[in-house]
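Undergrad: Heads up, here are the entries from TrEMBL:
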| type | residues | note |
| --- | --- | --- |
| BINDING | Asn11, Glu386 | Mg(2+) binding site |
| BINDING | Lys18, His209, Leu210, Gly211, Asn212, Gly213, Asp284, Cys285, Arg286, Gly332, Ile333, Gly334, Glu335, Asn336 | ATP binding site |
| BINDING | Arg92 | substrate binding site |
| ACT_SITE | Asp149 | active site, proton donor/acceptor |
| SITE | His181 | site 'Transition state stabilizer' |
| SITE | Arg242 | site 'Transition state stabilizer' |
Amino acid sequence: MPTASQVLVLNCGSSSLKFAVIDPKSGVEALTGIGDGLGQSEPVMSWQVQGDKHTVSLPDKASHTTVIQFLVDEILHPRPQLLHCLVAVGHRVVHGGEKFSRSVLIDGEVTDAIRDCATLAPLHNPPALLGIEAARKAFPALAQVAVFDTAFHQSMPRHAFIYALPYNLYRDHGIRRYGMHGTSHRYVTERTAELLNLPVDGVNVISAHLGNGASITAIHNGRSVDTSMGLTPLEGLVMGTRSGDVDPGILMHLGCRFDYSLKEVNDLLNRKSGLLGISELSNDCRALEKAAGDGHQGAWLALDIFSYRLAKYIAAYHAPLKQVDALVFTGGIGENSSLIRGKVLDHLEGLGFQVDPERNLQMRSGAEGTITRADSALALVIPTNEEWVIARDAANLVPGDHQNHNGGNRE
Ligand code: ADP
């Protein structure tokens, strides 16, 4: 059990709550877990502590609040050594709009601002607010810190974040590029600087976060200068079920010619497109690689389009960077798929990338390192760790001497 200061990290999704107790210095996780299927029938909670795995069923329609109460009563209270090491709660918040360019201690003004941004992230900001409220009640003596996915991208210049639409849409309604996955892109940037022995404010990176959602960011001197996700997480790369960039004229065509409603278009672009839509088989890269190996043409096409789109973005992001110290792959696909990485690097030979096939094959299951030849432009695989960034930010914002005075609150 830990003796140093620990941070409880909470990540509230629309129907899930992931939690972890993390040492902000080392990144070691003393506890990890998830409440899943929240608000639905048969929700479950599973967690791992000291190598032991546990799973329990929660009452039907259990909420984020139920999960936090269970966490306090059934997991932390029986382990006072863990509970009394907590110095802060770090909350992942998807959207901070233009108000937040860094992590902040949560007070009433901050929760109001998170609520204001809920129109931009209707599935994510409301559950984050539930998590914040429940955690404040459960841990009244602990600092609560909000870490925003959008914050890292607030350094983008106007020419990168303003759309070529009537300017009043930005001025009056905040319609602009915000970007997502900022915490992951930031982790990758800081880790790249460490690996290359460069100061963070002197490192230039193209960071490709490739999971079910995927985004790519150009980072100049440690700061985001462009990113592929936009007002919403739909723009940019091909994703598991999201289309990424399409001709916006297609949407009008679907409406005018085939009577699609806005709801149907939304569903088509967010849930039926991407790898799933192209392959007519699966949104899952692993399943597609297997099917492609068995000769499934749709699976090949999906992987080809995914890789080509990604390569085009990487090439484009050489424009805002005077030099690229490293191209970094992260996220489930970036960390594990040597096939996708190899295909992308093959497209980028003209920019000096030469894949090292053996190194590329070795990088999976949490491995970190180079996948290009010695005489090539550098490409790395870096497993992301958003929770660690949240824990570090939260610990850094704890006022005073980091002393723990928390007993937890059973209400
Ligand atoms: P999320 O965005 O949900 O956090 P992840 O980062 O976990 O997603 O990434 C999920 C994606 O990673 C899936 O498409 C999955 O198939 C892919 N993936 C995981 N392991 C492998 C692997 N060994 N080879 C290829 N793809 C993989």
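Cβ atoms here come from the backbone N, Cα and C positions, even for glycine.
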Undergrad: Among all the protein chains here, how many other CB atoms are within 10 A of the CB of Arg286 (ATP binding site)?
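TA: Result for Arg286 (ATP binding site): 12 neighbouring Cβ atoms inside 10 Å.
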Undergrad: Tell me, if you would, which residue among Asp149, Asp284, Glu335, Glu386 (recorded positions) has the fewest other CB atoms within 10 Å in the structure shown?
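TA: With the recorded positions Asp149, Asp284, Glu335, Glu386, fewest surrounding Cβ atoms within 10 Å: Asp284.
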Undergrad: Which whole number of Å gives the largest C-alpha distance between any two of Lys18, His209, Leu210, Gly211, Asn212, Gly213, Asp284, Cys285, Arg286, Gly332, Ile333, Gly334, Glu335, Asn336, the residues noted as binding ATP?
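TA: Pairwise Cα check on Lys18, His209, Leu210, Gly211, Asn212, Gly213, Asp284, Cys285, Arg286, Gly332, Ile333, Gly334, Glu335, Asn336 gives a maximum of 23 Å.
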Undergrad: For a quick check of understanding: among the recorded positions Lys18, Arg92, His181, Arg242, which residue's Cβ has the most other Cβ atoms within 10 Å?
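TA: Per the Cβ count within 10 Å, the most buried is His181.
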Undergrad: So which one is it: of the binding-site residues Asn11, Asn212, which has the fewest other Cβ atoms within 10 Å?
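TA: Sparsest of the binding-site residues Asn11, Asn212 by Cβ contacts within 10 Å: Asn212.
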Undergrad: Tell me which binding-site residues (Arg92, Leu210, Asn212, Asp284, Ile333, Glu386) have a Cβ under 6 A from ligand 1; sequence order is fine.
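TA: Correct list: Asn212, Asp284, Ile333.
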Undergrad: 10 Å Cβ neighbour count around Ile333 (ATP binding site)?
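TA: The Cβ of Ile333 (ATP binding site) has 26 Cβ neighbours within 10 Å.
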